[in-house]
Structure formats: structure tokens, C-alpha cells
Amino acid sequence: MVTFFENELSAKKRNQRRGFLFILSSPSGAGKSTLSRLLLKDGKLELSISMTTRQKRPSEVDGLHYHFISKKEFKRKRDGNEFIEWAEVHGNYYGTLRESVENVLSTGRDMLFDIDYQGTKQLQKKMPGDTVSVFILPPSMKELISRLYRRAEDSQDIINLRLKNARTEMQHWRSYDYVIINENLNQSVSLIKSIYLAETVKRERCFFLEPFINGLIAEKID
């Protein structure tokens, strides 16, 4: 059982480290959105909600899954350098506002990104010390196709495009820090949680360590 004191100590330590960007990426249908939802249940990660110009699906809520905007508005923000990353995917634009990311990281909170390879590459280039990336693979192409059809929210043309782009996405697997084959959902969640927890205690992120250790060394024992 976690005590009140332990919670307070954890909060103080969190405020003395910079947050990082925890990226989940995968071909469409490999499971990154489902995995993201399960990870967010712990309350340790804050979801980065992207802006997009694509049409809202029946199951989606504006402001919860995405911020849905027009192409004209997206291009205005893009040209004003408001995005820390943006990409054109399946003919639509997706992007993350720079200001929202910096506001969260400065408080020691970590952000979860559900983005494609294009967005991942931009974040890795612009914030190399602040990114941890995980690539999710399907167990087979047959299973990937099955998942896309079970979702039943895209036309046949869109499904064909997603399958074509999936093979391109998978060619970039070496660009990620970690790679997981999502055959068993519970096992995949467990692996990703382990990766996340290990990354939170990396020495270079924990600003509190140096004064804490200096205090330990200087501490007098009666």
C-alpha cells in the first residue's frame, strides 16, 4: 500500500525532473490506440491530443480523441510555426502544438504520443533528449487486415491505403528505441508499462538526484 508520505515524496521528485515524450507508433490496426487508452488509465501519462483535418469517425469525440480543424486553419498554424511536429497521412494533416508540449514537460509530467513515423522522426530530431519511442507491430499481415475490417469505420479505399502505408511504416522499425509485437494485448501493455517506468528513473532526467546524494554523503550519523 502506498502511504501519503510516499505519494508526497514521489510528487516532489517528479517536480524536480523534466518530463519526457513517450511515443507509441504503429501501422494502422496494429493496436497503438487501444494500448494508449489502457496506459492512460494509470494517470501517470498525459495524452497529447493532436490536431487533424480528417473527418471525425462516429466513435470519436472532438477534443478527446483529436482536435478536428479545417485545412485552412491547420495551414495557418503550420505556417506560423505553432506545431512541434506535423505530418500528412492518408491525405490528411496531423500536428501537435509546441506550446502545449512545453507547458506539460516543464511541470515534470510525461506526455503520451500516438503518432506515425513522420511525427516521431520530427520529435526525435527537435527534442532528442526528451523522447522515448516504442514501435508496435502486428503478429501478421493477416491479423492486421482482420483488425482493420473489424474496426468497420473506414471505406474499402481507405483500408487499402492503410495497408499500403503499413508496409512503408514497418520499414522504419530501426528508428525506434523499443519494438513490441502486439500478439497478446495484456502482455503488450505490461511490457510498455515496464519500459515507461524504467525511463522515468533515468539518471539524466532526475534533477533531484545530485543534491539528494550530496545530502546523503554529508549526513552525520550519531
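A Cβ is built for glycine as well, from the same backbone N, Cα and C atoms used for every other residue.
These features come from Swiss-Prot:
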- 19-197: domain 'Guanylate kinase-like' (DOMAIN)
- S26, P27, S28, G29, A30, G31, K32, S33: ATP binding site (BINDING)
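Apart from the site residues S26, P27, S28, G29, A30, G31, K32, S33, the chain places the Cβ of I136, P138, L144, R147, N182 no farther than 8 Å from the centroid of the site's Cβ atoms, the recorded ATP location. Just so you know, the Cβ of S26 (ATP binding site) picks up 26 other Cβ atoms within 10 Å once every protein chain is counted.
Cβ neighbours of K32 (ATP binding site) (same chain, under 8 Å, six or more residues apart in sequence): L24, S25, S26, D114, I136. Between the listed binding-site residues, namely S28, S33, the fewest other CB atoms within 10 angstroms of a CB are found at S33. G31 (ATP binding site) has a Cβ environment of 23 other Cβ atoms inside 10 Å. Neighbour counts were taken as the number of other C-beta atoms within 10 angstroms of each residue's C-beta; across the binding-site residues G29, A30, the minimum falls on G29.
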